[in-house]
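**Q** According to TrEMBL, the protein has these features:
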- 1-20: signal peptide (SIGNAL)
- 177-403: domain 'Peptidase M12B' (DOMAIN)
- His331, His335, His341: Zn(2+) binding site (BINDING)
- Glu332: active site (ACT_SITE)
Amino acid sequence: MLEVYRLALLCAILYVNVDCAPFPEYIVYPKLLEARGINGQKVLHIKDGLTLTLEKLSVLADSLVFTESNDGVATETIMNGTELEENLYQDREKMAAVAVEVIDDTIEVMGVLNDKLRIAPLPLMPRSEEGHLAHRIYEKEPFRNHEENDADTLPEQQARSKWRTRSASMKHVPDPFLVEVHVMVDEHHYKVFRRREDLVTYLALTIALVNMRYEDTSGPNIQFLLTSIQQEQGFAKTFVEKEIGWLVANRTYAAANETFDHLLEKYGRSPADITVAVTGLILADALEPFSEDEIRVQGQARLGGVCNANSSIVMVEDVPMSFGLVSILPHELGHALGAPHDGETYTWNNCLPPRNDCSKYSEDDHFIMHSSEPGNGKFSNCSKEHMTAFISTLSTSCFKLKTKQNCTTEEKKTTRCFCEFNKHLPNSPS
């Protein structure tokens with residue numbers, strides 16, 4: 001499987017015409033070790049001073065729906081989520097998620113080692129003396145400062161908050177709250193992946209990394225479950241402009257506002273709790289004069305879009321195989337879960353106003369909901385209170401799992417079926 005990722009990574013580099021400035025790289029020869037202890041977890045030794053303690057991750061629905069279009073005809077394939085996750089692991093302490101495939105007497109590793117480092121196989125390089133395959137460790141490219149358009153908060157959102165007022169009780173809210181996610185990718189993104197399984201693996205690792213950034217949410221704890229993936233052509237509204245940083249070159253961009261308006265109109269009602277629309281193009285504002293400022297938009301979302309009948313969708317850009325979504329998606333999903341930018345206050349439930357002074361968060365805090373530089377991977381207390389208040393306004397139908405889950409194993413029962421179990425408790429509202 002991972003040979004496909006090597007090809008995909010090369011295609012992605014050629015496709016996006018990346019800056020050729022060098023980034024630190026290291027050649028390593030990973031190997032699996034058997035850890036001693038009660039749990040007996042596997043230890044992935046990357047190099048001296050860098051190891052991962054691996055645990056299986058679980059982010060896919062047991063029956064994952066994959067939709068692709070062939071000659072205009074949509075075809076659905078039901079994929080086994082458990083089998084797709086067989087080689088996927090995480091180290092939550094290191095904020096890492098990797099695919100590890102055993103090949104003969106060695107392993108291939110692909111994924112994210114921490115907030116800065118990525119790893120990919122180098123099959124053409126000689127093996128180590130012990131027979132281990134060569135891999136490259138490299139730093140992710142620095143992302144542009146994150147900006148968004150005004151679609152995050154619109155006037156009708158204020159009107160919605162007036163009727164979305166309940167008591168301060170959270171008894172109807174399951175803990176954890178499992179948000180079902182439908183991912184829709186355009187042709188500029190999915191064409192890099194040769195097989196549907198490769199796209200699923202990439203998105204599964206991404207959702208696992210997003211979940212790690214939501215682990216410190218409480219009352220309820222928020223986690224995401226990938227239930228369906230859709231390959232959809234032509235949802236990005238495009239325009240051609242000059243290539244920023246090149247003297248004589250043009251490229252195709254996705255017009256941010258026009259694309260998001262189109263997504264809201266055509267796909268605003270998600271088949272899950274929220275749809276994540278991913279384009280492989282750079283989002284930009286089609287303004288003159290066109291400058292670097294116009295390409296700072298990396299995503300858009302409606303405030304409180306989760307389980308909304310008309311706006312349950314967020315839009316993000318991503319370079320295929322870069323795991324750039326990990327830097328953008330937690331922020332946009334935070335908006336969809338009711339959190340405005342840090343420094344702003346929004347009232348979802350008059351009985352659950354933010355207890356913290358939201359204005360105290362400065363431009364230097366860099367929490368996930370920072371307006372332009374969400375860099376530290378954590379939510380501010382104010383953001384967590386906004387999300388709790390928003391979730392308190394959701395109807396019980398939002399907490400019912402829309403996908404059938406296989407609860408036959410203990411692991412799945414605790415990680416995937418807890419919300420379903422809560423629905424049958426005596427005090428759960430109908």
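Even glycines carry a Cβ here, placed using N, Cα and C.
Note that this is a predicted model, so its numbers are computed, not measured.
Mind running through what each feature is packed against?
**A** Mean predicted confidence for the domain 'Peptidase M12B' (177-403): the pLDDT average there is 92.
Secondary structure at His341 (Zn(2+) binding site), as computed by DSSP, is coil.
Annotation for Glu332 (active site): spatial neighbours Val276, Gly299, Gln300, Ala301, Val314, Met315, Val316, criterion Cβ-Cβ under 8 Å with sequence separation of six or more.
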**Q** Given the binding-site residues His331, His335, His341, which one's Cβ is surrounded by the fewest other Cβ atoms within 10 Å?
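**A** Result for the binding-site residues His331, His335, His341: minimum number of other Cβ atoms within 10 Å at His341.
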